[in-house]
Amino acid sequence: MQTHNLGYPRIGSQRELKKAEELFWAGKISEQDLEDVSLQIKISNWETQKHAGIDWIPVNDFSLYDQVLDLSVLVGAVPERFKKLAAQKSSNELYFAMARGYQKEGFDLKPLEMTKWFDTNYHYLVPEFTKSQTFSLSGDKPFREFEEAQKLGIQAKPVLLGPISYLLLGKEKEEGFSSIDLLDKLLPTYTAILKKLQDLGATWIQIDEPCLALDLTAEVKVKYQEVYQRLHTAFPELKIILANYFDCYGDNLDIALSLPVDALHLDLVRCPSQLDDILAHPALAHQALSLGLVDGRNIWKNNYENSLTYIRKAIEKLGKEKVWLAPSCSLLHTPYDLDLEIQLDPELKDWLSFGKQKLDELQELKEIAILPDAEHSLEYLKQNEQSIAKKALSKKVHNKEVKNALISLKASDFKRKAEFTSRQKIQKEKLQLPLFPTTTIGSFPQTKEVRLLRSKLKKGELSQEQYDAEIEKATTEVIHWQEEIGLDVLVHGEFERNDMVEYFGELLDGFAFTQHGWVQSYGSRCVKPPIIFGDVSRPVDMTVKWSVFAQKIAKRQVKGMLTGPVTILQWSFVRDDQPRSTTAFQIALAIREEVLALEKAGIQIIQIDEPAIREGLPLRKKDWDNYLTWAIEAFRLSSSGVEDQTQVHTHMCYSEFNDIISHIANMDADVITIETSRSEMELLGAFKDFRYPNEIGPGVYDIHSPRVPKKEEIIDLIQKAMTYLPEDNIWINPDCGLKTRQWEETKAALINMVEAAKVLRSQVLDTA
Ligand SMILES: CN1c2c(nc(N)[nH]c2=O)NC[C@@H]1CNc1ccc(C(=O)N[C@@H](CCC(=O)N[C@@H](CCC(=O)N[C@@H](CCC(=O)O)C(=O)O)C(=O)O)C(=O)O)cc1
Ligand SMILES: N[C@@H](CCS)C(=O)O
Ligand SMILES: [Zn+2]
């Protein structure tokens, strides 16, 4: 029996990579310094895994920015616009230019698009393909890392994203072909990579094909057979472990089992039922099974008794040699090390397991499975049973009042008092906003200075009063500045928030938060997801103080700003002892209370952000309806308590809306602000076709880039939006919050946005 790992977090246990990268980008350290930090992280990761006793340790799971971008660079899929830069710069500079864009020395290069990695909060860089796309081996990253690991005596298993998933995750940049048509062109380069790894001494290679968890066309299914047959023919000696995760193989199982690979990985956390299906499958013959037992997407201790049931079943059918033990997916999505959490409640800590502890769990499971009667095995089992039992019975988890509140919900709790058309009249009368009201999405730049204040507060170097005074100052400045430039609906800037989810997690009961539980979101950006361990309730006001403060000093309306229940759920580590929907409703009730508290305090416009509604969609379409029903109900529960005159906004980003537009409409927010600028407003087609009734703020510029949009561009975009939507329903705003931007470009962009609104208003008046 072997243990192996599918991938390890790579930001460093103290976010060393993030810090080094940001210094490198600022020109403060050299490329060599960055390489040194990277190597230290890799070595530390390998040693940790070796020390835990993992038999096969992944290499090439490290990345300076993103593993999909790594493969694009390795196979030479560099978009044409970067070619001139490529000729002048180092490979790292080109790599980061593709990741982040390049706007200097006469270049104005847009980065690759970034999108969600399946249903996670990790974002990858979307490969770009053209009809005449060519590929060629253009780097040495996996080879270098394999050699580095070998030198340290690590039994290394290179990890590569599979050729089919790679192509399917990319985007065609011109019409008339499909990315999967490029397989024949890609395979020679892909085989060159395998050849080189084999020549260096690799025996096992992990090829990730997470697209096997999606609904696939018959054409793609056939490609799987062709490709893996070709790879097997080319490398009969090389052993391939094919990894799928995040959902079942489902109806791709027959294909997966027919492939000439040496081992198949199953995510038993997301799909426990597939083990029986596989063990009973007539095609199961030559393959070993890698059991994805330990949850790579969550932080709870593994339940050994459950895992051992799976292990025993697999051994019975296949024999010990053909059973591998693994995490369900890469540990990239978990924090590094629970031992760093010295402030966590010890009772809660006993229920948890982070990346490093998950490695120990694998090793302990292996020992229990091999030597079930050994003293240490019995001890491991006993300890584990005790932790699991304590959690199930803990008073900290269960709150009767919350459970009762959920049971007592009525249909009317999910519905605004009046229909939208009546509300709209009342709100237009009350708010007296101009045509094309301008607003922003909530956050203003979270500068180093603001973050430093919080850091000092946490370290006790600043008192709460001193901190509050500084946040007051920043909020006051931003309110006055918004009024000065003429924005219509103001925001308080969110300076008091570390993150739009963690902030609420720190204030709600049933949540815990960590000191070092960082998880990579994209590139150097990380999040610290809170841990939902118990029934959720709201012991204190969470946002009222800062909204009321801002409203008091403002001459115009200030939007209250909340994160919605589905997004809080999606971006937290969630309970595994009750359905996600139950937790979502509990959070929704807490947010509903906050909404009512804001209303009572005189806030007339309240935004409830739900950027993660779409990413929460299950990977298989058959599961969509169930999810969308409870997710939209959770939003409605959070937003429906208010009077008709109170205007509820929601905000979404990173979303394609076509296939879920009826559900978006069903949220019944008075105003929805959405990311549309990158699609040049084309996303609005769905709203037009559906005759979406409520008001919409289509984003007029991309906030991911420092580029300042020109007034004329914004006018053009809104004129385009007017071909989709009634002008009375249009708001003007950026795509998303401005927290990652600098002040300089923020100011310039918003001034242009307000000027554009003025021009548009006068154009409409002229034609009236
Ligand atoms: C909108 N997005 C979000 C997602 N998920 C979330 N949970 N939150 C989101 O906002 N998913 C989708 C997108 C992803 N986008 C982003 C955008 C930006 C970040 C980001 O900037 N992350 C920060 C960390 C934010 C934070 O928690 N800050 C804390 C602590 C800051 C810190 O490191 N302090 C230093 C001292 C200060 C200093 O010297 O700078 C320290 O303690 O050592 C805070 O503000 O208090 C990042 O830096 O990565 C993430 C996802
Ligand atoms: N209100 C949040 C939404 C981000 S999706 C912000 O402005 O940052
Ligand atoms: Zn957003």
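Glycine is treated like the rest: Cβ placed from N, Cα and C.
Under the heading active site, proton donor, TrEMBL lists H704. With a cut-off of 8 Å between CB atoms and residues at least 6 apart in sequence, the same chain places P111, M114, D735, T740 near H704 (active site, proton donor), listed in sequence order.
Taken from TrEMBL, the feature 5-methyltetrahydropteroyltri-L-glutamate binding site applies to R15, E16, L17, K18, K116, N121, R525, C526, W571, E615. Sequence-distant neighbours of R525 (5-methyltetrahydropteroyltri-L-glutamate binding site): residues of the same chain at least 6 apart with a C-beta under 8 Å from its C-beta are K18, T740.
According to TrEMBL, the feature L-homocysteine binding site maps to I441, G442, S443, E494, D609. In the three-state DSSP scheme, G442 (L-homocysteine binding site) is classed as coil. All protein chains considered, the CB of G442 (L-homocysteine binding site) has 25 other CB atoms within 10 Å.
Around E494 (L-homocysteine binding site), the same-chain residues six or more apart in sequence whose CB sits under 8 Å from its CB are G442, S443, F444, Q446, M500, M561, G737, K739, listed in sequence order. DSSP classifies E494 (L-homocysteine binding site) as coil under the three-state reduction. The L-methionine binding site annotation in TrEMBL covers I441, G442, S443, E494, D609.
There are 27 other Cβ atoms within 10 Å of the Cβ belonging to H651 (Zn(2+) 1 binding site). Summarising the annotation, TrEMBL assigns Zn(2+) 1 binding site to H651, C653, E675, C736.
Annotation comment: TrEMBL describes H651, C653, E675, C736 as Zn(2+) binding site.
Positions annotated as domain 'Cobalamin-independent methionine synthase MetE N-terminal' by TrEMBL: 3-316.
Sequence annotations record features per position, and here TrEMBL assigns domain 'Cobalamin-independent methionine synthase MetE C-terminal/archaeal' to 436-758.
According to DSSP, H651 (Zn(2+) 1 binding site) is assigned to a strand segment.
Fewest Cβ neighbours within 10 Å among the binding-site residues L17, I441, C653, C736: this applies to C653. Under DSSP, L17 (5-methyltetrahydropteroyltri-L-glutamate binding site) is assigned to a helix (H, G or I) in the three-state scheme. Cβ neighbour count within 10 Å across all protein chains ranks D609 highest among the binding-site residues D609, E675. Among I441, G442, S443, E494, D609, the residues given in the record as binding L-homocysteine, the maximal Cα to Cα distance rounds to 13 Å. Annotation: H651, C736 are the binding-site residues among W571, H651, C736 whose CA atoms are within 10 angstroms of the CA of I441 (L-homocysteine binding site).
Ligand 2 lies under 6 Å from the Cβ of none of the recorded positions K116, R525, H704.
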